[in-house]
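Notes follow once the structure below has been shown.
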Amino acid sequence: LHKTVYVLFLLFQILGAVILGFGIWILADKTSFIAVLQTSSPSLTTGAYILIGVGALTMLMGFLGCLGAVNEIRCLLGLYFTCLLIILLAQIAAALVIYFQKDTLKGELSNVVSILIQDYDPADEDERNLRDAWDYVQTQLACCGWNGAKEWENNEILKNKSNTEYPCSCSNRSKDLVEGRGFCSLEDSVNGTVTSADWPVHEQGCMDGVEQWLKDNLGVILGVCTGVAIIELLGMILSISLCKNIHSEDYTKVPKS
């Protein structure tokens, strides 16, 4: 029984470390789509802190649960069960909130990207991390803007230059992607007014690419969440079983009158 206890609670130490690391990664990542998501929804940053707290608590509860099981301390096992129940309910609540607010998050993200594109300035060091994150998204997904390249016509710098430049990260030419940031100049002259249709860029907006990425990885995300929930349920069942065994053993040790 003790070997089973050690293995299960070791899983909780690993699980807690994974959750803790994931939360830290969300806060620390400034060069991918996560950075854009943090800007579009402050709740993501709050969620990252919650993940860090849950991960640390899971690791602590794993230690206390193991200590309670080995030394047959019922109060520690009861505390372990209660904390696992709270964590599980919190995860379910968070999943429901994300599911029912997905349209709101999508709208917020669209507004943030529109403002980012309009104010995009390679010389502004204060917004460099956010610019680099969006350049990374456009380069990796081979897309331009949120709904399409035409959104870049609203950029103040490009308008002042009569759209004779275009975002390098949108380009469909490999030589422009070497830098992958800032603006590139049109090499060929264009008769009349220059528009985004004259740019050598991808026509597809990034919204479709992001949604497809989420769909492609949905199975992995659901699988991980399901695995975490199963491990937590096993921990709760084991803690209850150990509590009953301790109670039974204590009862049999009571001297008969």
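The chain as shown is numbered from 1 upward.
Quick reminder: no glycine exception, Cβ is built from N, Cα and C everywhere.
What TrEMBL records for 7-28 (among others) is transmembrane segment.
Sequence annotations record features per position, and here TrEMBL assigns transmembrane segment to 48-70 (among others).
Taken from TrEMBL, the feature transmembrane segment covers 77-100 (among others). Non-local neighbours of the transmembrane segment (77-100) in the same chain are 47, 50, 54, 57-58, 61, 64-65, 68-69, 225, 228-229, 232-233, 235-236, 239-240, 242-243, 246; each lies 6+ residues outside the stretch with a CB under 8 Å from one of its CB atoms.
According to TrEMBL, the feature transmembrane segment maps to 220-243 (among others). Outside the transmembrane segment (220-243), and at least 6 residues removed from its termini, the chain residues within Cβ reach (under 8 Å) are 4-5, 8-9, 11-12, 15, 19, 65, 68-69, 72, 74, 77-78, 80-81, 84-85, 87-88, 91, 95.
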